[in-house]
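The next block holds one structure in the form of structure tokens; read it before the comments.
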Amino acid sequence: MTATDPDTRVGRELLRFPPDFLWGAATAAFQIEGATAVDGRGPSIWDTFAATPGKVAGGDTGEPACDHYRRYASDVRIMADLGLRAYRFSLAWPRIQPTGAGPVEPRGLAFYDRLVDELLAHGIQPVATLYHWDLPQALEDRGGWRDRDTAHRFAEYAALAHAHLADRVRTWTTLNEPWCSAFLGYGTGVHAPGLVDPRGALEAAHHLLLGHGLAVRAMRSAAPADHRFSLVLNLCSVRVDHDDETHRAAAHKVDGLQNRLFLDPLAGRGYPEDVLAETAWLGDWSRVVRAGDLEAVATPIDWLGVNYYSPTRVAPAPAGQVTDGPFAGLRGVALLPPRGEVTGFGWEVDARAFTDLLERLGRDVPVPLVVTENGSAFVDVVAGGAVLDTGRTRYLVDHLRAVHAAIARGVDVRGYFAWSLLDNFEWAAGYSQRFGIVHVDYATQVRTVKRSGHTLAGVIRRNAVPASGYDVV
Ligand code: IFM
């Protein structure tokens with residue numbers, strides 16, 4: 001599928017990607033749009049959370065973000081200049097259904113009409129995510145993802161958003177990283193809605209998966225045959241220092257709670273027995289699973305989106321430690337701090353762990369994979385109209401080589417989306433962390449393509465990454 005050959009221009013080896021490999025960049029509505037109170041948009045859980053003192057660094061909110069709601073056309077021109085073939089963005093549910101149910105807000109849908117039309121006019125394929133964490137607050141007030149009804153409301157919203165854009169958007173993702181929505185939103189409370197309810201987190205995980213399955217069913221039943229449906233997971237690549245029984249057991253627990261809790265029911269295997277046993281002390285949370293739910297969750301998808309940033313280091317907890325750590329189900333497991341090279345955000349850099357994860361998924365997941373997010377946050381300096389983001393550029397190139405290595409070993413990876421197109425609102429870290437391949441000056445809204453952005457453009461032009469070195473531009 002892939003080949004290496006010399007780059008005649010600079011006389012070095014190139015690692016070529018498959019001919020129709022899909023190159024893009026990703027964003028999410030709440031992180032870039034701003035305009036949180038215009039055109040009938042309702043409040044989301046992230047508006048509420050960010051307005052709560054102490055929840056988001058610097059007291060940052062979704063305003064102004066990148067003001068993308070108004071600047072989408074010039075942002076699409078930047079994408080076209082970079083040569084992106086696809087753009088992964090999310091639709092804001094509270095723009096389309098301000099209270100999460102009932103009538104559509106036409107002005108909200110009209111924004112996505114404008115965005116999609118602009119993308120298509122520039123030859124960029126739209127890849128729409130229906131839910132990237134901005135639950136309408138009105139639904140949270142009724143229990144949010146801990147309430148089964150939210151799954152049904154989500155499927156209804158998905159069907160109407162799909163119906164509206166189906167003539168132009170063929171590639172759809174239901175949820176982005178349901179693990180985060182469940183475990184950070186309802187487990188540790190570091191994300192909206194900020195609740196600490198370990199059992200509720202597991203119930204939310206089921207309702208998210210149910211919502212996903214019901215949404216795929218609803219969309220597919222009305223979709224032309226060439227429409228593609230998917231789910232995006234943040235799966236972890238677990239690292240241990242020793243290959244012995246206790247370390248393997250610790251790794252297995254983490255794999256259970258973050259990976260198999262999602263992959264198994266998607267594959268029709270139901271929830272993993274070991275995860276059910278580990279979380280049994282919370283009471284039988286799986287009582288929320290009703291007849292027919294698991295069939296709905298296992299509704300076939302066309303590809304799986306994989307978001308990868310950093311490995312997860314674990315070890316057996318010191319003798320006597322009996323807590324579950326931050327997440328229910330991890331009793332006896334110590335989550336270790338990053339080590340070695342880290343990004344500006346302090347996240348460990350390990351491209352090899354990315355290849356390992358893709359290879360494992362290639363074995364376990366029966367559908368093609370798409371890397372729907374991968375990237376790094378570093379402190380950037382704009383000097384002379386340029387951003388020489390060496391750290392991010394190295395991370396990008398190394399991780400592209402990691403994807404290439406997985407493909408070369410036979411894993412069916414169909415595309416790569418850099419996170420993120422633009423610097424943006426990084427959730428609880430506010431605007432303090434920059435993941436963009438394009439710099440955003442939040443005061444002036446001036447955009448500057450970083451070296452990493454030019455590098456991605458070079459990779460896309462050649463459909464290849466150099467086997468060594470970082471000079472792709
Ligand atoms: O910014 C987030 C994104 O919204 C979801 N995946 C991880 C990114 C970096 O934290």
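Heads up, the Cβ atoms here are built off N, Cα and C, so glycines get one too.
Just so you know, TrEMBL annotations are computer predictions that nobody has curated.
Some features that TrEMBL has for this protein:
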ACT_SITE  Glu177  active site, proton donor
ACT_SITE  Glu373  active site, nucleophile
BINDING   Gln31, His132, Asn176, Tyr309, Trp419, Glu426, Trp427  substrate binding site
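Taking the features listed in TrEMBL, we show where each one sits on the structure.
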{"residue": "Gln31", "record": "substrate binding site", "DSSP class": "helix"}
{"residue": "His132", "record": "substrate binding site", "DSSP class": "coil"}
{"residue": "Asn176", "record": "substrate binding site", "DSSP class": "strand"}
{"residue": "Tyr309", "record": "substrate binding site", "DSSP class": "coil"}
{"residue": "Glu373", "record": "active site, nucleophile", "DSSP class": "strand"}
{"residue": "Trp419", "record": "substrate binding site", "DSSP class": "strand"}
{"residue": "Glu426", "record": "substrate binding site", "DSSP class": "coil"}
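Compute the center of the Cβ atoms of Gln31, His132, Asn176, Tyr309, Trp419, Glu426, Trp427, which mark the site for substrate; besides them, the chain residues with Cβ within 8 Å of that center are Ala28, Trp133, Glu177, Glu373, Ser420, Asn424, Phe435. Whole-number maximum of the Cα to Cα distances across the substrate-binding residues Gln31, His132, Asn176, Tyr309, Trp419, Glu426, Trp427: 18 angstrom. The separation of the residue listed as 'active site, nucleophile' from Tyr309 (substrate binding site), Cα to Cα, is 8 Å.
Across the structure, Trp419 (substrate binding site) and the residue listed as 'active site, nucleophile' place their CA atoms 5 angstrom apart. Within 10 Å of the C-beta atom of Gln31 (substrate binding site) sit 27 other C-beta atoms, taking all shown protein chains into account. The C-beta environment of His132 (substrate binding site), restricted to residues of the same chain at least 6 apart in sequence and closer than 8 Å, consists of Ala28, Ala29, Phe30, Gln31, Ser90, Asn176. For the pair formed by Trp427 (substrate binding site) and Glu177 (active site, proton donor), distance between Cα atoms is given as 14 Å, rounded to the nearest Å. In this view, Trp427 (substrate binding site) is surrounded by 23 other Cβ atoms within 10 Å of its Cβ, with every protein chain counted.
Between the CA atoms of Glu177 (active site, proton donor) and Glu373 (active site, nucleophile) there is a gap of 10 Å.
Rounded to a whole number, the C-alpha distance linking Glu426 (substrate binding site) with Glu373 (active site, nucleophile) is 14 angstrom.
Counting only same-chain residues at least 6 apart in sequence, those with a Cβ under 8 Å from the Cβ of the residue listed as 'active site, nucleophile' are Ala26, Val232, Asn234, Gly305, Asn307, Tyr308, Tyr309, Phe417, Trp419, Ser420.
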